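K.L.:
Just dropping this structure here.
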Amino acid sequence: MGRVNEKLVAFLNNRWLVFVAAIWVQSCAGIGYLFGSISPVIKTNLSYNQKQIARLGVAKDLGDSVGILAGTLSEILPFWGTLLVGALNNFIGYGWVWLIVTGRAPVLPLWAMCVLVFVGTNGETYFNTVSLVSCVQNFPKSRGPVVGILKGFAGLSGAILTQIYAIMHFPDSANLIFMIAVGPALVAIGMMFFIRPVAGHRQVRPSDGMSFSSVYGVCLLLAAYLMGVMLVEDLVDLSPTVIAIFTAVMFVILLTPFLIPVILTFSSETMAYPEQEALLQQSPKQEPARSEPDGHEVIFSEVEDEKSEGEDLLPALERQKRIAQLQARLLQAAAEGAVRVKRRKGPRRGEDFTLGQALIKADFWLIFFSLLLGSGTGLTVIDNLGQMSQSLGYDNTHIFVSLISIWNFLGRVGGGYFSEIVVRDYAYPRPIAMATAQFLMIFGHIFIGMGWPGAMYIGTLITGLGYGAHWAIVPATASELFGLKKFGALYNFLTLSTPMGSLIFSGLIASSIYDSEAEKQAHNGLSQLQSSSSVWFSRLHVDAPLKCDGAICFFLTCMIMAGFCAIAGMLSLILVHRTKGVYYNLYGKSRASTLS
(Lines of atoms letter the chains of each structure in order from A and count residues from 1; the text may use other names and numbers.)
(Lines give C-alpha, C1' and ligand atoms only; values in the text may rest on other atoms or scores of the structure.)
Protein backbone atom coordinates (compact mmCIF):
# COMPACT_ATOMS: atom_id res chain seq x y z
CA MET A 1 0.00 0.00 0.00
CA GLY A 2 2.89 2.33 0.83
CA ARG A 3 4.39 1.66 -2.59
CA VAL A 4 1.12 2.62 -4.28
CA ASN A 5 0.85 5.85 -2.29
CA GLU A 6 4.44 6.71 -3.18
CA LYS A 7 3.75 6.18 -6.87
CA LEU A 8 0.54 8.22 -6.63
CA VAL A 9 2.36 11.14 -5.00
CA ALA A 10 5.09 10.91 -7.63
CA PHE A 11 2.45 10.93 -10.38
CA LEU A 12 0.67 14.01 -8.99
CA ASN A 13 4.02 15.84 -8.76
CA ASN A 14 5.27 14.78 -12.19
CA ARG A 15 6.16 17.78 -14.33
CA TRP A 16 4.80 16.05 -17.42
CA LEU A 17 1.38 15.84 -15.74
CA VAL A 18 1.53 19.61 -15.23
CA PHE A 19 2.51 20.05 -18.88
CA VAL A 20 -0.37 17.87 -20.12
CA ALA A 21 -2.86 19.73 -17.91
CA ALA A 22 -1.55 23.02 -19.31
CA ILE A 23 -1.98 21.67 -22.85
CA TRP A 24 -5.63 20.90 -22.11
CA VAL A 25 -6.21 24.39 -20.71
CA GLN A 26 -4.51 25.95 -23.73
CA SER A 27 -6.67 23.79 -26.04
CA CYS A 28 -9.63 25.96 -25.13
CA ALA A 29 -7.81 29.17 -24.18
CA GLY A 30 -7.80 30.77 -27.65
CA ILE A 31 -11.41 31.92 -27.40
CA GLY A 32 -10.59 35.12 -29.25
CA TYR A 33 -10.12 33.14 -32.47
CA LEU A 34 -13.85 32.27 -32.42
CA PHE A 35 -14.94 35.89 -32.70
CA GLY A 36 -15.31 35.44 -36.45
CA SER A 37 -17.94 32.75 -35.75
CA ILE A 38 -19.95 34.66 -33.16
CA SER A 39 -19.80 38.13 -34.73
CA PRO A 40 -22.47 37.42 -37.40
CA VAL A 41 -25.09 36.38 -34.82
CA ILE A 42 -24.23 39.38 -32.61
CA LYS A 43 -24.56 41.66 -35.63
CA THR A 44 -27.91 40.18 -36.64
CA ASN A 45 -29.58 39.91 -33.21
CA LEU A 46 -28.46 43.35 -32.02
CA SER A 47 -28.81 45.09 -35.42
CA TYR A 48 -25.19 46.27 -35.41
CA ASN A 49 -23.41 47.62 -38.45
CA GLN A 50 -19.92 46.56 -39.45
CA LYS A 51 -18.26 49.49 -37.71
CA GLN A 52 -19.87 48.52 -34.39
CA ILE A 53 -18.79 44.90 -34.86
CA ALA A 54 -15.27 46.11 -35.59
CA ARG A 55 -15.24 48.00 -32.28
CA LEU A 56 -16.22 44.81 -30.47
CA GLY A 57 -13.36 43.11 -32.32
CA VAL A 58 -10.90 45.72 -31.09
CA ALA A 59 -12.18 45.21 -27.51
CA LYS A 60 -11.60 41.49 -27.98
CA ASP A 61 -8.07 42.08 -29.23
CA LEU A 62 -7.30 44.34 -26.27
CA GLY A 63 -8.63 41.70 -23.87
CA ASP A 64 -6.48 39.11 -25.57
CA SER A 65 -3.31 41.23 -25.42
CA VAL A 66 -3.41 43.19 -22.15
CA GLY A 67 -2.06 40.68 -19.62
CA ILE A 68 -0.51 43.06 -17.10
CA LEU A 69 -3.11 42.32 -14.42
CA ALA A 70 -2.82 38.58 -14.97
CA GLY A 71 0.95 38.76 -14.61
CA THR A 72 0.68 40.82 -11.43
CA LEU A 73 -1.88 38.52 -9.82
CA SER A 74 0.19 35.45 -10.67
CA GLU A 75 2.93 36.85 -8.41
CA ILE A 76 0.47 37.48 -5.56
CA LEU A 77 -2.07 34.64 -5.74
CA PRO A 78 -1.37 30.92 -5.97
CA PHE A 79 -1.62 29.60 -9.50
CA TRP A 80 -4.99 27.97 -8.85
CA GLY A 81 -6.32 31.34 -7.66
CA THR A 82 -5.10 33.05 -10.82
CA LEU A 83 -6.77 30.38 -12.97
CA LEU A 84 -9.99 30.82 -10.99
CA VAL A 85 -9.98 34.58 -11.64
CA GLY A 86 -9.51 33.92 -15.34
CA ALA A 87 -12.37 31.41 -15.38
CA LEU A 88 -14.67 33.92 -13.68
CA ASN A 89 -13.69 36.62 -16.18
CA ASN A 90 -14.41 34.29 -19.08
CA PHE A 91 -17.74 33.10 -17.69
CA ILE A 92 -19.08 36.51 -16.63
CA GLY A 93 -18.00 38.35 -19.77
CA TYR A 94 -19.24 35.98 -22.45
CA GLY A 95 -22.08 34.66 -20.29
CA TRP A 96 -23.56 38.14 -20.09
CA VAL A 97 -23.07 38.64 -23.83
CA TRP A 98 -25.00 35.39 -24.42
CA LEU A 99 -27.87 36.57 -22.20
CA ILE A 100 -28.10 39.84 -24.15
CA VAL A 101 -27.87 38.26 -27.61
CA THR A 102 -30.56 35.69 -26.79
CA GLY A 103 -32.91 38.31 -25.30
CA ARG A 104 -32.64 37.03 -21.72
CA ALA A 105 -31.10 40.31 -20.53
CA PRO A 106 -31.68 43.93 -21.60
CA VAL A 107 -29.52 45.30 -24.39
CA LEU A 108 -26.61 47.41 -23.16
CA PRO A 109 -24.91 50.34 -24.91
CA LEU A 110 -22.07 49.52 -27.28
CA TRP A 111 -19.39 50.65 -24.82
CA ALA A 112 -20.77 48.26 -22.20
CA MET A 113 -20.76 45.41 -24.73
CA CYS A 114 -17.11 46.23 -25.47
CA VAL A 115 -16.35 45.99 -21.75
CA LEU A 116 -18.03 42.58 -21.52
CA VAL A 117 -16.14 41.25 -24.54
CA PHE A 118 -12.89 42.65 -23.12
CA VAL A 119 -13.49 41.01 -19.72
CA GLY A 120 -14.49 37.67 -21.26
CA THR A 121 -11.50 37.51 -23.59
CA ASN A 122 -9.11 38.78 -20.92
CA GLY A 123 -9.66 35.49 -19.08
CA GLU A 124 -7.45 33.98 -21.76
CA THR A 125 -4.45 35.96 -20.49
CA TYR A 126 -4.80 34.31 -17.07
CA PHE A 127 -4.85 30.85 -18.66
CA ASN A 128 -1.77 31.71 -20.75
CA THR A 129 0.17 33.22 -17.86
CA VAL A 130 -0.33 30.30 -15.46
CA SER A 131 0.34 27.67 -18.13
CA LEU A 132 3.49 29.31 -19.50
CA VAL A 133 5.05 30.37 -16.18
CA SER A 134 4.49 27.04 -14.42
CA CYS A 135 5.76 24.96 -17.35
CA VAL A 136 8.81 27.16 -17.99
CA GLN A 137 9.72 26.78 -14.32
CA ASN A 138 9.26 23.01 -14.53
CA PHE A 139 11.24 22.73 -17.81
CA PRO A 140 14.00 25.37 -17.42
CA LYS A 141 16.24 23.68 -20.01
CA SER A 142 13.46 23.16 -22.59
CA ARG A 143 11.73 26.52 -22.73
CA GLY A 144 11.57 26.67 -26.52
CA PRO A 145 9.66 23.41 -27.08
CA VAL A 146 7.40 24.06 -24.08
CA VAL A 147 6.37 27.56 -25.14
CA GLY A 148 5.97 26.53 -28.80
CA ILE A 149 3.69 23.61 -27.97
CA LEU A 150 1.53 25.55 -25.53
CA LYS A 151 1.12 28.53 -27.87
CA GLY A 152 0.41 26.13 -30.70
CA PHE A 153 -2.47 24.50 -28.84
CA ALA A 154 -3.83 27.96 -28.03
CA GLY A 155 -3.88 28.69 -31.75
CA LEU A 156 -5.59 25.38 -32.44
CA SER A 157 -8.30 25.90 -29.83
CA GLY A 158 -10.67 27.59 -32.29
CA ALA A 159 -10.89 24.43 -34.39
CA ILE A 160 -11.23 22.24 -31.29
CA LEU A 161 -14.11 24.28 -29.81
CA THR A 162 -15.84 24.48 -33.20
CA GLN A 163 -15.75 20.69 -33.54
CA ILE A 164 -17.20 20.28 -30.04
CA TYR A 165 -19.96 22.73 -30.93
CA ALA A 166 -20.76 20.71 -34.06
CA ILE A 167 -22.09 17.76 -32.01
CA MET A 168 -24.43 19.85 -29.83
CA HIS A 169 -26.94 20.68 -32.59
CA PHE A 170 -28.16 23.90 -31.00
CA PRO A 171 -31.04 25.34 -33.03
CA ASP A 172 -29.74 28.85 -32.35
CA SER A 173 -26.14 29.64 -33.31
CA ALA A 174 -26.06 32.18 -30.48
CA ASN A 175 -25.48 29.23 -28.16
CA LEU A 176 -21.92 29.06 -29.44
CA ILE A 177 -21.38 32.11 -27.21
CA PHE A 178 -22.74 30.07 -24.29
CA MET A 179 -20.24 27.29 -25.01
CA ILE A 180 -17.40 29.84 -25.13
CA ALA A 181 -18.51 31.18 -21.73
CA VAL A 182 -18.85 27.79 -20.02
CA GLY A 183 -16.37 25.41 -21.71
CA PRO A 184 -12.99 27.10 -21.07
CA ALA A 185 -14.07 28.08 -17.54
CA LEU A 186 -14.93 24.48 -16.63
CA VAL A 187 -11.66 23.13 -18.04
CA ALA A 188 -9.62 25.77 -16.18
CA ILE A 189 -11.39 25.02 -12.89
CA GLY A 190 -10.92 21.28 -13.41
CA MET A 191 -7.16 21.67 -14.02
CA MET A 192 -6.36 24.50 -11.60
CA PHE A 193 -4.89 22.31 -8.84
CA PHE A 194 -2.64 20.41 -11.26
CA ILE A 195 -0.90 23.34 -12.98
CA ARG A 196 1.83 24.50 -10.61
CA PRO A 197 5.62 24.37 -10.17
CA VAL A 198 6.72 20.91 -8.98
CA ALA A 199 10.53 21.23 -8.82
CA GLY A 200 10.73 20.04 -12.40
CA HIS A 201 14.47 20.75 -12.64
CA ARG A 202 14.99 17.65 -10.47
CA GLN A 203 13.04 15.41 -12.84
CA VAL A 204 15.41 15.43 -15.81
CA ARG A 205 15.37 12.14 -17.78
CA PRO A 206 17.18 10.89 -20.86
CA SER A 207 13.76 10.11 -22.32
CA ASP A 208 12.65 13.78 -22.29
CA GLY A 209 13.64 14.23 -25.94
CA MET A 210 11.47 11.30 -26.95
CA SER A 211 8.60 12.65 -24.82
CA PHE A 212 8.76 16.03 -26.57
CA SER A 213 8.85 14.28 -29.95
CA SER A 214 5.72 12.36 -28.97
CA VAL A 215 3.90 15.58 -28.05
CA TYR A 216 4.97 17.18 -31.35
CA GLY A 217 3.60 14.12 -33.13
CA VAL A 218 0.28 14.50 -31.33
CA CYS A 219 0.19 18.19 -32.34
CA LEU A 220 0.70 17.47 -36.03
CA LEU A 221 -1.69 14.50 -35.99
CA LEU A 222 -4.40 16.59 -34.33
CA ALA A 223 -3.94 19.46 -36.80
CA ALA A 224 -4.08 17.13 -39.82
CA TYR A 225 -7.07 15.26 -38.43
CA LEU A 226 -9.06 18.42 -37.69
CA MET A 227 -8.31 19.83 -41.11
CA GLY A 228 -9.57 16.64 -42.77
CA VAL A 229 -12.67 16.51 -40.59
CA MET A 230 -13.57 20.15 -41.26
CA LEU A 231 -13.22 19.72 -45.01
CA VAL A 232 -15.36 16.57 -44.99
CA GLU A 233 -18.04 18.27 -42.87
CA ASP A 234 -18.07 21.22 -45.26
CA LEU A 235 -18.28 19.16 -48.45
CA VAL A 236 -20.52 16.29 -47.30
CA ASP A 237 -23.78 16.36 -45.36
CA LEU A 238 -22.91 14.08 -42.44
CA SER A 239 -25.25 12.48 -39.95
CA PRO A 240 -25.06 13.46 -36.27
CA THR A 241 -23.66 10.02 -35.43
CA VAL A 242 -20.70 10.41 -37.79
CA ILE A 243 -19.96 13.89 -36.43
CA ALA A 244 -20.05 12.49 -32.88
CA ILE A 245 -17.58 9.76 -33.87
CA PHE A 246 -15.24 12.33 -35.42
CA THR A 247 -15.38 14.40 -32.22
CA ALA A 248 -14.75 11.33 -30.03
CA VAL A 249 -11.60 10.53 -32.05
CA MET A 250 -10.45 14.13 -31.52
CA PHE A 251 -10.84 13.68 -27.75
CA VAL A 252 -8.82 10.46 -27.89
CA ILE A 253 -5.98 12.29 -29.65
CA LEU A 254 -6.13 15.09 -27.07
CA LEU A 255 -5.96 12.58 -24.22
CA THR A 256 -2.98 10.70 -25.69
CA PRO A 257 -0.27 12.90 -24.05
CA PHE A 258 -1.67 11.79 -20.67
CA LEU A 259 0.12 8.48 -21.25
CA ILE A 260 3.52 10.21 -20.92
CA PRO A 261 3.34 10.97 -17.14
CA VAL A 262 1.66 7.60 -16.53
CA ILE A 263 4.46 5.68 -18.26
CA LEU A 264 7.22 7.78 -16.72
CA THR A 265 5.82 7.38 -13.20
CA PHE A 266 5.00 3.68 -13.23
CA SER A 267 7.95 2.53 -15.32
CA SER A 268 11.04 1.02 -13.73
CA GLU A 269 13.06 4.17 -14.49
CA THR A 270 13.89 6.19 -11.38
CA MET A 271 12.39 9.60 -10.89
CA ALA A 272 15.67 11.53 -11.02
CA TYR A 273 19.25 10.90 -11.87
CA PRO A 274 21.67 11.85 -9.08
CA GLU A 275 24.43 13.02 -11.40
CA GLN A 276 22.05 15.26 -13.34
CA GLU A 277 20.56 16.63 -10.13
CA ALA A 278 24.03 17.36 -8.80
CA LEU A 279 24.94 19.23 -11.98
CA LEU A 280 21.77 21.27 -11.78
CA GLN A 281 22.44 22.15 -8.15
CA GLN A 282 26.05 23.10 -8.86
CA SER A 283 25.30 25.19 -11.94
CA PRO A 284 24.47 28.37 -10.01
CA LYS A 285 27.80 28.09 -8.15
CA GLN A 286 29.74 27.92 -11.39
CA GLU A 287 28.50 31.32 -12.54
CA PRO A 288 31.22 33.95 -12.57
CA ALA A 289 31.11 36.37 -9.69
CA ARG A 290 29.46 39.30 -11.40
CA SER A 291 27.10 40.39 -8.66
CA GLU A 292 29.43 42.75 -6.89
CA PRO A 293 28.14 45.90 -5.23
CA ASP A 294 27.04 48.43 -7.78
CA GLY A 295 29.50 51.02 -6.61
CA HIS A 296 32.49 48.71 -7.32
CA GLU A 297 31.25 47.15 -10.56
CA VAL A 298 32.70 47.95 -13.96
CA ILE A 299 31.31 46.45 -17.15
CA PHE A 300 34.00 45.07 -19.47
CA SER A 301 32.00 43.44 -22.22
CA GLU A 302 34.54 44.81 -24.71
CA VAL A 303 37.05 42.40 -23.18
CA GLU A 304 35.09 39.46 -24.53
CA ASP A 305 34.61 41.09 -27.92
CA GLU A 306 38.32 41.71 -28.40
CA LYS A 307 39.72 38.38 -27.14
CA SER A 308 41.80 36.29 -29.49
CA GLU A 309 40.25 33.63 -31.68
CA GLY A 310 42.22 30.89 -29.90
CA GLU A 311 40.56 31.82 -26.65
CA ASP A 312 37.19 30.65 -28.02
CA LEU A 313 38.60 27.12 -28.14
CA LEU A 314 39.34 27.07 -24.42
CA PRO A 315 36.95 25.41 -21.95
CA ALA A 316 34.28 27.73 -20.58
CA LEU A 317 35.69 27.82 -17.04
CA GLU A 318 39.22 28.56 -18.26
CA ARG A 319 37.98 31.30 -20.58
CA GLN A 320 35.97 32.91 -17.75
CA LYS A 321 39.04 32.72 -15.49
CA ARG A 322 41.23 34.51 -18.03
CA ILE A 323 38.65 37.23 -18.59
CA ALA A 324 38.33 37.70 -14.83
CA GLN A 325 42.12 38.04 -14.53
CA LEU A 326 42.19 40.66 -17.29
CA GLN A 327 39.36 42.57 -15.64
CA ALA A 328 41.23 42.54 -12.33
CA ARG A 329 44.33 43.98 -14.01
CA LEU A 330 42.29 46.73 -15.64
CA LEU A 331 40.64 47.57 -12.33
CA GLN A 332 44.02 47.80 -10.63
CA ALA A 333 45.42 49.94 -13.42
CA ALA A 334 42.39 52.19 -13.29
CA ALA A 335 42.77 52.58 -9.53
CA GLU A 336 46.41 53.58 -9.95
CA GLY A 337 45.54 56.07 -12.67
CA ALA A 338 47.49 54.23 -15.37
CA VAL A 339 44.41 53.81 -17.53
CA ARG A 340 40.99 55.37 -17.52
CA VAL A 341 38.09 52.98 -17.87
CA LYS A 342 35.33 54.32 -20.04
CA ARG A 343 31.89 53.17 -19.02
CA ARG A 344 29.21 52.56 -21.61
CA LYS A 345 25.98 54.42 -21.16
CA GLY A 346 23.86 51.34 -21.83
CA PRO A 347 23.84 47.75 -23.04
CA ARG A 348 24.47 46.72 -26.60
CA ARG A 349 22.31 44.44 -28.73
CA GLY A 350 22.49 40.90 -27.42
CA GLU A 351 22.81 42.05 -23.80
CA ASP A 352 20.06 42.55 -21.22
CA PHE A 353 17.90 45.65 -21.77
CA THR A 354 15.25 47.20 -19.62
CA LEU A 355 12.07 48.36 -21.35
CA GLY A 356 13.18 51.98 -21.08
CA GLN A 357 16.52 51.19 -22.69
CA ALA A 358 14.87 49.20 -25.48
CA LEU A 359 12.40 51.98 -26.26
CA ILE A 360 15.20 54.26 -27.48
CA LYS A 361 16.58 51.62 -29.87
CA ALA A 362 15.63 51.66 -33.55
CA ASP A 363 15.70 47.85 -33.73
CA PHE A 364 12.97 47.58 -31.09
CA TRP A 365 10.68 49.90 -33.02
CA LEU A 366 11.41 48.07 -36.27
CA ILE A 367 10.13 44.89 -34.60
CA PHE A 368 7.13 46.76 -33.16
CA PHE A 369 5.94 48.34 -36.40
CA SER A 370 6.69 45.24 -38.46
CA LEU A 371 4.56 43.24 -36.02
CA LEU A 372 1.86 45.91 -36.05
CA LEU A 373 1.53 45.79 -39.84
CA GLY A 374 2.02 42.05 -40.29
CA SER A 375 0.06 40.55 -37.41
CA GLY A 376 -2.43 43.44 -37.47
CA THR A 377 -3.54 42.59 -41.00
CA GLY A 378 -3.67 38.88 -40.16
CA LEU A 379 -5.81 39.51 -37.09
CA THR A 380 -8.15 41.70 -39.18
CA VAL A 381 -8.81 38.71 -41.44
CA ILE A 382 -9.44 36.46 -38.42
CA ASP A 383 -11.87 38.95 -36.85
CA ASN A 384 -13.81 39.49 -40.09
CA LEU A 385 -13.88 35.91 -41.40
CA GLY A 386 -17.60 35.64 -40.71
CA GLN A 387 -18.49 38.68 -42.80
CA MET A 388 -15.89 37.86 -45.48
CA SER A 389 -17.21 34.35 -46.07
CA GLN A 390 -20.84 35.48 -45.94
CA SER A 391 -20.21 38.24 -48.48
CA LEU A 392 -18.70 35.64 -50.85
CA GLY A 393 -21.76 33.40 -50.51
CA TYR A 394 -20.51 30.74 -48.06
CA ASP A 395 -23.21 29.53 -45.69
CA ASN A 396 -20.94 27.71 -43.21
CA THR A 397 -18.64 30.39 -41.83
CA HIS A 398 -17.32 28.10 -39.06
CA ILE A 399 -15.23 26.07 -41.52
CA PHE A 400 -12.96 29.04 -42.25
CA VAL A 401 -12.58 29.88 -38.55
CA SER A 402 -11.51 26.29 -37.93
CA LEU A 403 -9.15 26.16 -40.91
CA ILE A 404 -7.38 29.42 -40.09
CA SER A 405 -7.00 28.17 -36.51
CA ILE A 406 -5.21 25.08 -37.85
CA TRP A 407 -2.99 27.11 -40.18
CA ASN A 408 -2.25 29.51 -37.32
CA PHE A 409 -1.07 26.55 -35.24
CA LEU A 410 1.11 25.16 -38.03
CA GLY A 411 2.54 28.63 -38.67
CA ARG A 412 3.67 28.86 -35.05
CA VAL A 413 5.26 25.43 -35.08
CA GLY A 414 6.81 25.88 -38.54
CA GLY A 415 7.94 29.47 -37.94
CA GLY A 416 9.84 28.47 -34.82
CA TYR A 417 11.34 25.37 -36.44
CA PHE A 418 12.56 26.97 -39.67
CA SER A 419 13.77 30.20 -38.04
CA GLU A 420 15.84 28.04 -35.67
CA ILE A 421 17.46 26.35 -38.67
CA VAL A 422 18.29 29.79 -40.11
CA VAL A 423 20.11 30.96 -36.99
CA ARG A 424 21.70 27.67 -35.91
CA ASP A 425 22.88 26.36 -39.27
CA TYR A 426 23.60 29.61 -41.12
CA ALA A 427 24.05 32.22 -38.32
CA TYR A 428 21.71 34.50 -40.28
CA PRO A 429 19.31 36.92 -38.55
CA ARG A 430 16.03 35.35 -37.47
CA PRO A 431 13.88 38.26 -38.77
CA ILE A 432 14.46 36.97 -42.31
CA ALA A 433 11.87 34.31 -41.50
CA MET A 434 9.41 37.03 -40.43
CA ALA A 435 10.03 38.93 -43.67
CA THR A 436 9.32 35.74 -45.63
CA ALA A 437 6.04 35.21 -43.76
CA GLN A 438 4.96 38.81 -44.38
CA PHE A 439 5.70 38.66 -48.10
CA LEU A 440 3.69 35.42 -48.31
CA MET A 441 0.75 37.11 -46.55
CA ILE A 442 0.54 39.54 -49.46
CA PHE A 443 -0.73 36.70 -51.66
CA GLY A 444 -3.14 35.56 -48.94
CA HIS A 445 -4.80 38.98 -48.82
CA ILE A 446 -4.95 39.14 -52.61
CA PHE A 447 -6.67 35.75 -52.84
CA ILE A 448 -9.29 36.73 -50.27
CA GLY A 449 -9.87 40.14 -51.86
CA MET A 450 -10.33 38.81 -55.39
CA GLY A 451 -13.09 36.43 -54.27
CA TRP A 452 -12.34 33.77 -56.89
CA PRO A 453 -14.08 30.38 -56.48
CA GLY A 454 -12.23 28.46 -53.77
CA ALA A 455 -9.79 31.34 -53.20
CA MET A 456 -11.09 31.77 -49.65
CA TYR A 457 -9.54 28.42 -48.70
CA ILE A 458 -6.15 29.37 -50.15
CA GLY A 459 -6.29 32.85 -48.65
CA THR A 460 -7.02 31.60 -45.14
CA LEU A 461 -4.22 29.02 -45.48
CA ILE A 462 -1.55 31.59 -46.40
CA THR A 463 -2.78 34.25 -43.98
CA GLY A 464 -3.06 31.79 -41.09
CA LEU A 465 0.45 30.43 -41.64
CA GLY A 466 1.95 33.92 -41.88
CA TYR A 467 0.09 35.28 -38.86
CA GLY A 468 1.03 32.30 -36.70
CA ALA A 469 4.70 32.51 -37.70
CA HIS A 470 4.92 36.00 -36.16
CA TRP A 471 4.27 34.61 -32.68
CA ALA A 472 7.07 32.06 -32.92
CA ILE A 473 9.65 34.43 -34.44
CA VAL A 474 9.08 37.71 -32.59
CA PRO A 475 9.55 36.40 -29.00
CA ALA A 476 12.79 34.63 -29.94
CA THR A 477 14.08 37.69 -31.83
CA ALA A 478 13.31 40.02 -28.92
CA SER A 479 15.10 37.73 -26.45
CA GLU A 480 18.16 37.49 -28.70
CA LEU A 481 18.50 41.23 -29.31
CA PHE A 482 17.39 42.57 -25.92
CA GLY A 483 18.08 39.75 -23.47
CA LEU A 484 16.00 37.65 -21.09
CA LYS A 485 16.27 39.65 -17.87
CA LYS A 486 13.28 41.90 -18.65
CA PHE A 487 11.81 39.74 -21.37
CA GLY A 488 8.30 39.77 -19.86
CA ALA A 489 8.00 43.55 -20.02
CA LEU A 490 9.52 43.70 -23.49
CA TYR A 491 7.24 41.00 -24.89
CA ASN A 492 4.06 42.43 -23.32
CA PHE A 493 4.87 45.82 -24.86
CA LEU A 494 5.40 44.26 -28.29
CA THR A 495 2.07 42.42 -28.10
CA LEU A 496 0.29 45.78 -27.80
CA SER A 497 1.07 46.29 -31.49
CA THR A 498 -1.51 43.65 -32.45
CA PRO A 499 -4.64 45.39 -31.08
CA MET A 500 -3.28 48.67 -32.44
CA GLY A 501 -3.03 47.08 -35.88
CA SER A 502 -6.51 45.62 -35.52
CA LEU A 503 -7.87 49.05 -34.56
CA ILE A 504 -6.37 50.59 -37.69
CA PHE A 505 -7.18 47.89 -40.22
CA SER A 506 -10.42 46.49 -38.82
CA GLY A 507 -11.86 49.29 -36.71
CA LEU A 508 -11.16 52.07 -39.22
CA ILE A 509 -10.40 50.77 -42.71
CA ALA A 510 -12.31 47.48 -43.13
CA SER A 511 -15.48 48.55 -41.30
CA SER A 512 -15.74 51.90 -43.09
CA ILE A 513 -15.28 50.38 -46.54
CA TYR A 514 -17.73 47.55 -45.78
CA ASP A 515 -20.44 49.91 -44.54
CA SER A 516 -19.89 52.21 -47.53
CA GLU A 517 -20.37 49.33 -49.98
CA ALA A 518 -23.36 48.06 -47.99
CA GLU A 519 -24.99 51.50 -48.14
CA LYS A 520 -24.48 51.60 -51.91
CA GLN A 521 -26.14 48.20 -52.29
CA ALA A 522 -28.94 49.19 -49.93
CA HIS A 523 -29.53 52.41 -51.89
CA ASN A 524 -29.68 50.49 -55.16
CA GLY A 525 -32.08 47.99 -53.65
CA LEU A 526 -34.22 50.78 -52.21
CA SER A 527 -34.43 52.45 -55.62
CA GLN A 528 -35.69 49.23 -57.14
CA LEU A 529 -38.29 48.81 -54.41
CA GLN A 530 -39.48 52.39 -54.83
CA SER A 531 -39.81 51.92 -58.55
CA SER A 532 -42.16 49.02 -57.82
CA SER A 533 -44.28 51.34 -55.58
CA SER A 534 -43.81 49.16 -52.52
CA VAL A 535 -43.55 51.69 -49.69
CA TRP A 536 -43.93 49.12 -46.91
CA PHE A 537 -41.06 47.00 -48.24
CA SER A 538 -38.98 50.17 -48.67
CA ARG A 539 -39.35 51.04 -44.96
CA LEU A 540 -38.56 47.45 -44.01
CA HIS A 541 -35.42 47.58 -46.13
CA VAL A 542 -34.30 50.85 -44.51
CA ASP A 543 -34.74 49.44 -40.98
CA ALA A 544 -32.79 46.25 -41.72
CA PRO A 545 -29.09 46.10 -40.74
CA LEU A 546 -26.66 46.88 -43.51
CA LYS A 547 -25.31 43.84 -45.31
CA CYS A 548 -22.87 43.71 -48.20
CA ASP A 549 -22.67 40.93 -50.78
CA GLY A 550 -19.90 40.13 -53.25
CA ALA A 551 -16.12 40.40 -53.42
CA ILE A 552 -16.38 44.20 -53.56
CA CYS A 553 -17.10 44.28 -49.79
CA PHE A 554 -13.51 43.55 -48.76
CA PHE A 555 -11.61 43.95 -52.03
CA LEU A 556 -10.14 47.39 -51.30
CA THR A 557 -9.43 46.46 -47.68
CA CYS A 558 -7.48 43.37 -48.72
CA MET A 559 -5.47 45.30 -51.30
CA ILE A 560 -4.58 47.93 -48.68
CA MET A 561 -3.53 45.20 -46.22
CA ALA A 562 -1.44 43.54 -48.91
CA GLY A 563 0.41 46.82 -49.44
CA PHE A 564 1.08 47.23 -45.72
CA CYS A 565 2.34 43.64 -45.52
CA ALA A 566 4.90 44.59 -48.17
CA ILE A 567 5.96 47.53 -45.98
CA ALA A 568 6.20 45.19 -42.97
CA GLY A 569 8.44 42.86 -44.97
CA MET A 570 10.72 45.76 -45.88
CA LEU A 571 10.99 46.79 -42.23
CA SER A 572 11.95 43.21 -41.35
CA LEU A 573 14.63 43.23 -44.08
CA ILE A 574 16.05 46.46 -42.65
CA LEU A 575 16.21 44.74 -39.27
CA VAL A 576 18.00 41.79 -40.90
CA HIS A 577 20.62 44.13 -42.35
CA ARG A 578 21.15 45.89 -39.02
CA THR A 579 21.53 42.71 -36.94
CA LYS A 580 23.82 40.54 -39.08
CA GLY A 581 26.74 41.23 -36.78
CA VAL A 582 24.72 40.45 -33.65
CA TYR A 583 23.62 37.07 -34.95
CA TYR A 584 27.12 36.23 -36.12
CA ASN A 585 28.43 36.92 -32.62
CA LEU A 586 25.61 34.84 -31.10
CA TYR A 587 25.75 31.84 -33.43
CA GLY A 588 28.50 32.27 -36.03
CA LYS A 589 31.52 31.86 -33.75
CA SER A 590 30.21 28.71 -32.08
CA ARG A 591 29.31 27.29 -35.49
CA ALA A 592 32.79 28.07 -36.84
CA SER A 593 34.49 26.40 -33.88
CA THR A 594 32.24 23.37 -34.29
CA LEU A 595 33.11 23.04 -37.98
CA SER A 596 36.83 23.40 -37.26
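Numbers run from 1 along the shown chain.
Just so you know, glycine gets a Cβ as well, placed from its N, Cα and C.
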K.L.:
Check each of the ranges 315-339, 490-514 against TrEMBL and return the one annotated as transmembrane segment.
P.N.:
490-514
K.L.:
For the record in TrEMBL, which of the ranges 64-84, 148-168 is the transmembrane segment one?
P.N.:
148-168
K.L.:
Is the transmembrane segment (358-379) in contact with the transmembrane segment (490-514), using at least 3 Cβ pairs under 8 Å (sequence separation of 6 or more) as the test?
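P.N.:
As far as Cβ distances go (cut-off 8 Å, pairs 6 or more apart), the transmembrane segment (490-514) and the transmembrane segment (358-379) touch.
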K.L.:
Where else in the chain does the transmembrane segment (456-478) make close Cβ contacts, counting only residues six or more beyond its ends and a cut-off under 8 Å?
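P.N.:
Here the qualifying positions are 144, 147-148, 151, 155, 367, 371, 374-375, 378-379, 381-382, 385, 388-389, 392, 394, 400, 403-416, 419-420, 430-431, 433-434, 437-438, 440-441, 443-448, 487, 490-491, 494.
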K.L.:
Between the stretches 215-232, 358-379, 399-419, which wins on the count of C-beta pairs under 8 angstroms to the transmembrane segment (554-576)?
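P.N.:
The stretch I would name here is 358-379.
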K.L.:
If contact means at least 3 Cβ pairs within less than 8 Å, sequence distance 6 or more, would you call the transmembrane segment (16-36) and the transmembrane segment (358-379) in contact?
P.N.:
no
K.L.:
So, do the transmembrane segment (148-168) and the transmembrane segment (358-379) meet, by the test of 3 or more Cβ pairs under 8 Å (sequence gap 6 or more)?
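P.N.:
Stretch pair does not touch.
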